[in-house]
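Since the structure comes first, as structure tokens, the remarks are kept for the end.
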Amino acid sequence: MPSFKSTFLAVAAAFVATATAQDYWVEPDSIQKPIRLSWCRDQRSSCPMICSQTSEGDPLVNDCNADALQYGCICSDGQKPNMTEYSLTLPYHVCTAWGQQCVADCGNGNNACASSCREDHPCGATDPSRVNATESSASPTASATASQTSSGSTIFTGLAGNDDNDDSDDSSSSNSNNNNDSAASALSRGLGLTVVIGGLVGGFAVLLGNKLADAASVSREWHSVIEPHNFARINLTPTRISSSGSILSRKRSLIRYIWFRLELQRYDCTICMGEDDTIWGMNDIDSAFVTQSFEDLFSTLSRWDLDGDLVLDISIYSPSDSDHWFKYLEFGPDIPYGRSSPSFRHSEVSTQSLTDLYDDPAHGWRAGRRETALKSQVINRVFDEIECPVPCENEELEKKWWQRLPLVPAITGVYLRQQTRRRWKPTDLTRMFARFPNLNELWYEPWKDEPLMQSFTDKDHETLFEQAIAECISDDALIHLKSYKYSAVDKSPISKYVLRPYWEASVKLLPLWLAPNMVTLIGFAFILANILLLVIVMPDLEGPGPSWLYFSFALGLFMYQTMDNLDGKQARRTGTSSGLGELFDHGIDSLNCTLASLLETAAMGLGTSKSGVFTALCPCLPMFFSTWETYHTHTLYLGTINGPTEGILIACAIMATSGICGPGIWTQPIIDILGEKHFFGLMPLIHHYSIRDIWIGMIITSLLATHIPFCIYNVVRARQQKNLPIAPVFLEWTPMLVFTAAIGAWVYSPYSTLMRENHLVLFCFTMAFVFGRMTTKMILAHLTRQPFPFWTVMLWPLVGGAFIGNLPRFGVAAVTAKAELIYLWAYFFFALVVYSRWAYLVVTSICNFLGINALTIPREKQMANEQAFAAQAALNDMNGKRHD
């Protein structure tokens, strides 16, 4: 075991040697960071493989610094291999980048200079005639020798440590042997040349994926037979472009097909390695890899002349694509040389049962069939769009990047294969084809009718597209619901000391089979029932109505408050808490804003006056700001005096008072109700004012002085804690400003007939759906950590209504009362359909994702709850008897 000190010195020596030994150097900042990281990844992967040729065990040093483009590799036996001899190492990548910069410096049209950059400065395994030199970190002689031979152009042809390549022999010994063995040397050189050339062709045969390589290492006479086969179809990877460019250009006349194979990084399976919602499709490193690969390919092929047909087949895939969910996907040349079968070979499938091939329940496969539908995250990893974000931050830069690529006149055909599952953008394909001036054939291969599972993939895509069209939420958003935890702060003393004991006792009266969301709906039903009574008994919203109607309003609103607080307790009691509960609860609260206030408007006898309209619609303001606050803080804050508690209790008191005294009490002077002694000398200022007169001022003061400022304060504090800018959050008020301004412009317009014709109930129902959609989208974005929803399509008709209500201001005749009412009814049905459809899709998506029911508790869960409560009751009885 090496000591820390010796290891540290070895690392330092390795890095110093690397920095001084390389002939080629590029400024690290000139290479994009993702590309440098991929270089270091290759370096760390190559070091153990290279060391395994001469030693056993893990390397003593294996490190790479992407920022400085330095590396260290020392094998377990103390040898430091000459990394410049190999491809897929940091020196190779640096050399390749140097060559590309050299070509760029030559300028357009200077082919001789560009050719010199490549051919006179080979990288990696380009030139097999040079002899390997192996460095030793322990031997001064070896180190000195290595410093002379280990340049950026040193090429590996033999095994490291071979005695025949030992450079430590002194010169006198070498000279004497040279005089005595000249004949043997000449013979060995002749045989060696044959072996080297044969090995070269054989090596390329292996590179090309052919099984004819064995014959290529026999003699040069075989070349004319073997080479047409070996070079006809080229299997080309990005790392081989530079190292094979010069040889392939010499064999250009033999090449008819290039399979350009881009292998992306492996990725973790969402089941095997844990769900990672930060990895979607191609990451930045993969995108940078694709970008650099295309630049290298076009740079190399641009120097080829047109010489017969040449087909380019591009595939971009990750080995992990077929490891987990998509078992049936195979990646390889669709028509390998000497075969005519497709990539999915039926003959191979027939030799092994599908059950044996695909029996992986964790990934949805059982007995050769996939049983579960795929999540969009899984689909996107294999079928997502091919991206190149490093040079393509926007459309204009992307266009310029394609235009900078050189023309490739040698390409005459392009394959868009089935095996390239990732999708090309049409604009990218158009720009790519423009770089092939002699392109005359384009093959598009649609999905084949294979014996397995493609219909499932198509179905998954259809589902994904349907969700996008329906403005539904995808699995990447829903994934946050799995870590959902409700957070709320309630500082109301009435809630804590009065109502909470009542709620705790009340929830025990609910049956265990009653779902929490059904509890919410039952509370909302009390409001709807009273709205129906209002329309039937007191449609003018002024009254006076019968006393029982006002008491019904008060009871219904109180029951709504009760059920609104019991639903969460019922969820915890039955073990059915989820993000859907918060969405359902607060979504119903949004719908209730205008409806419950409509009952309060009628209880005060405000009718369709300006005060009545304001009273019915103003609760939308505090609801919006509370939801906006929750979106940023992810916590619902309820202050010492808040709307859901004290606000509802005050409304209930108003309704009950109207039931006792009649709604006329709100028009009486305050001094007559309370008496002169309660005004502390202020009687001359307010003696003639009624509660109705100061009602609007009280509401506006409470909003501007307490509620909205505290919401803003909490949001600003949350943004500061996250080091996020403050100003952009105020743009999120846009939908509420449009909502408020459009309502005011419409209903308060002197040309509008809606309020004069007593259509406030219909208007409030319509606004309930509009505001409910607007607010519920904010709640959903908060739960799923999505961007803030700045707009909803349901606001457009409201803007249109404001315009219609003010046509005379634009020199157009006012619409008739009937036409305006028809418009409002149309708006109502539009809002109802859009909201209902969207709510259904969202609730269904969440239920399917979480595996829960919206309005019922599964029978198994009910039985488990009943058994748990029975056991708890029995335990309590036993404890009670012991105390007795």
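Cβ atoms are placed via backbone N, Cα and C, with glycine included.
Whatever TrEMBL says is automated annotation, not expert-curated.
TrEMBL has this to say about the protein:
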- 1-21: signal peptide (SIGNAL)
- 26-128: domain 'DUF7707' (DOMAIN)
- 124-181: region 'Disordered' (REGION)
- 133-154: compositional bias 'Low complexity' (COMPBIAS)
- 171-181: compositional bias 'Low complexity' (COMPBIAS)
- 518-539: transmembrane segment (TRANSMEM)
- 545-563: transmembrane segment (TRANSMEM)
- 647-666: transmembrane segment (TRANSMEM)
- 694-716: transmembrane segment (TRANSMEM)
- 728-748: transmembrane segment (TRANSMEM)
- 760-776: transmembrane segment (TRANSMEM)
- 788-805: transmembrane segment (TRANSMEM)
- 825-851: transmembrane segment (TRANSMEM)
Sort out the residues at least 6 away from either end of the transmembrane segment (647-666), same chain, that have Cβ-Cβ distances under 8 Å to it, and list them. 494, 542-545, 547-551, 553-554, 557-558, 560-561, 596-597, 599-600, 603-605, 673, 690-692, 695
What average pLDDT does the predicted model assign to the domain 'DUF7707' (26-128)? 78
Tell me whether the transmembrane segment (728-748) sits in contact with the transmembrane segment (788-805), defined here as at least 3 Cβ pairs under 8 Å among residues 6 or more apart in sequence. yes
Going along the chain, which residues at least six beyond the ends of the transmembrane segment (694-716) come within the CB cut-off of under 8 Å? 604, 611, 614-615, 618, 621-622, 625-626, 628-629, 632-633, 637, 639, 641, 643, 666, 670, 686, 726, 729
